[in-house]
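S.K.: Just passing along the structure, written as structure tokens.
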């Protein structure tokens, strides 16, 4: 039947990944024939609705060479146990569509020519990008006259050079020394004689087309791994360009140094067109790399290629908010519009509009201070005089004031300098109006200054690079530094969201613009981190910025096509915004587009992983072949030689197996991801199109059929499809899907568990027990799979303990004890009666109040132990009572009120101290055997150390202190009787100290200028003075050490106390050296 073909393809795909998937397909193929008449919902749709894929169209546009290319095939008697080589190619044509087309692919085969016995491709001299040139809006119109109407030839500025080429090993000995230039559009490895070139649309698993018939026949039956840079042969040591091209082809997103070295290599050889080509290829992979755009623009500017330079500006300025890029643009505009010859004012107008455009896009950056300063200086250089009365003067004044007021509100490095310039500008025009403007702008300036300080503190270690790197795997090199950069960027984003500039209420648009700007800056460095793209899009959607949010998602998917997070978010947005679409087929096609792109990227990763596995295995085998074999001695036996050979072979096999196991883990994770992508698509199509109708609407069943055709899926897809059929439609097809999945995944414990749950949900207990016995028996037969049976046993044990027979429960527990002897029996028994949130077998009721008696609090955190401990060096003082009045002990009677411990009186005589020492020794001897179990009453105070007790016994009593004592009552009364003046003018001063403050005052031999007010000189030494200022502030002048001492005396005197109470004291210390 039709379903057999699909299942057969699935079996063959699963057999190639048996190591990572963990199932056996031997008896599944036989079961397929016996159950061919069973119903499967996907079998009714697979013929009418083939799996959609963009790459399927490539087979229609292949050249005759690729069409006639022999395809590798599998024999029908493949290993049924799943022991096939992990790197075998898929045997179905559907899997070929999963490989994405390289970015440099073209639809027309290039023309070839033969040079020196080598087949090479002609270079493409066309430059299609120049024809669509549009000048920037702010550039002068007069510049259009010098732009050529025809595209500039690709090699116009390229000097003749002799680049290196790539050769095979056979060609290294026989080929001529003549080199041929590489293509300027794509790096093509030259093939020698019987080596065919791989078609750009060809699947990665297809073998290369050969020119010799016998080699073509061999490639039809063998499964060679495709050539790769790591294993490609024939690169000459001095072929620097070819080696770098190989590195880029192998890892275009991860090997950034190879890109940079290749650009430098071309530029050092004066191959400008080749350098341009590498720049273009690099910027397709990293389109937000402002550093490389700046380098590209700088190269064109140095070559005086102004037309190409303007093209770069048109492509980047409005999409890449980078201060460096806008600086290059402003330099170009000022270069093209000289002010020295500007008689009409048109050049100044163009430059001014360019500055306005730049500040509109990057003026909020904390590194934009130089552009603000240049803009202000540009305005100052304009016609008119600041402070003049003409219309040009007034216009210039208004422009400067507006520019300053905009600049001082931005938290940037130059904000302090610009504020000082603005202060001088306003005060130089009119002090009265200047104070008014400064007072109005001061809050904004203070907020910007404090915000910049705070921002600079936590971004000090931030690396604002625009050359993104792939996230290192945890535990790999650079993972800590990468996580640190992510944390700093997130702190900056959250800081902007917190609205430190208080813009949300006054200017909501500016607040949103600042947050989006920081997101764009972060994404330049964290381009390959999907979480940041998701957060940026989500912020835009929550703030009514639908266009910006969709743009973030689109660019994020371009950067991370294998990200499930971004693809799912994009699909959700399309599903929500397309609710008005009445045609479910059109709506489903629109929603399915992100899923298809994600699946293509994931299948491509699986293909690359398998290719990498084959390369690693081939490299290991080549390494063992190149090892020199030790020559056995003449008296060695053949048995020793054979044992040594076997040992080497076992070592090689062990290393190869380790490599394959490592790759199988990665492929298994990728297969899991592919499966959940199919599940998400299946659920989305169910919401939009339902389960589908044959010949009308595909629905979720068609997605299930597509997933089975493309392969590389786990049991999760079968589980999800079956549960959708059951929960949404109550369709009997759910049981059929579970039955088919049980044959495909006989050792998958998760699938068996879900199958059991489904059978119990439909009340098919007999089949549930049968499935349980079959699964457990099969898993327990292999000791390595015994642990997989534990969740299955636990589930059925829980069901039987609630709804089954006690004999069944006991039998299950007996089998569980045999399989898991380390598990405690108590837990198995308690599992019968417990729930996830309560276990009655562990409940201990409170029977007596003594069970709830509070714990005894011991001083110092010491808790008495059950076993005796060595006695401390000093006995506890709580049992050391004064011989004068013994301390009463009511510990035995808990009902009587507790008394506070009375402080011990000092022991005056020597006899009393002797009695105390004898009492301590007696108590110490009695406490030794029972010191650990001694009971102390609750809440007793901590004992005093022996040294403190001794000190209290030797100090004199309080009656012997005859000196003067401080009286707090008299001090408070003195403060109450103070006559505080209402103002400064009411302070009585000596007539001799009054003056007009017009001269100088000598204090301690030093001269102080009189700036208004009165002086009061204190002390005979004349070393300090209290200056009463006209503005109501006390200023205390001091001179030298004596002046400082006298200032403190005066400060706490009557006048100083008055100044302290008024809180208006200023201490003025001119730091005059002491005389």
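Backbone N, Cα and C define each Cβ position, glycine as well.
Keep in mind that what you see is a predicted model, and the values were worked out from it rather than measured.
In case it helps, Swiss-Prot gives these features for our protein:
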type	residues	note
COMPBIAS	54-72	compositional bias 'Polar residues'
COMPBIAS	93-112	compositional bias 'Polar residues'
COMPBIAS	120-133	compositional bias 'Acidic residues'
COMPBIAS	868-883	compositional bias 'Polar residues'
COMPBIAS	885-896	compositional bias 'Basic and acidic residues'
COMPBIAS	925-940	compositional bias 'Polar residues'
REGION	20-185	region 'Disordered'
REGION	215-237	region 'Disordered'
REGION	621-653	region 'Disordered'
REGION	840-941	region 'Disordered'
REPEAT	270-302	repeat 'HAT 1'
REPEAT	304-335	repeat 'HAT 2'
REPEAT	346-381	repeat 'HAT 3'
REPEAT	395-428	repeat 'HAT 4'
REPEAT	465-498	repeat 'HAT 5'
REPEAT	510-542	repeat 'HAT 6'
S.K.: Do the repeat 'HAT 5' (465-498) and the repeat 'HAT 3' (346-381) share at least 3 Cβ pairs closer than 8 Å, excluding pairs fewer than 6 residues apart in sequence?
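M.R.: Checked: the repeat 'HAT 5' (465-498) vs the repeat 'HAT 3' (346-381), no contact.
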S.K.: Do the repeat 'HAT 3' (346-381) and the repeat 'HAT 1' (270-302) come close, with at least three CB pairs under 8 A (pairs 6 or more apart in sequence)?
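M.R.: Contact criterion not met.
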S.K.: If we skip the immediate neighbours and take only residues 6+ beyond the ends of the repeat 'HAT 4' (395-428), which ones have a Cβ under 8 Å from one of its Cβ atoms?
M.R.: 359, 363-370, 372-373, 375-376, 379-380, 382-387, 434-435, 437-438, 441, 444-445, 447-449, 451-452, 455-456, 501
S.K.: Between 0 and 100, where does the mean pLDDT of the repeat 'HAT 2' (304-335) sit?
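M.R.: Taking every residue of the repeat 'HAT 2' (304-335) together, the mean pLDDT is 95.
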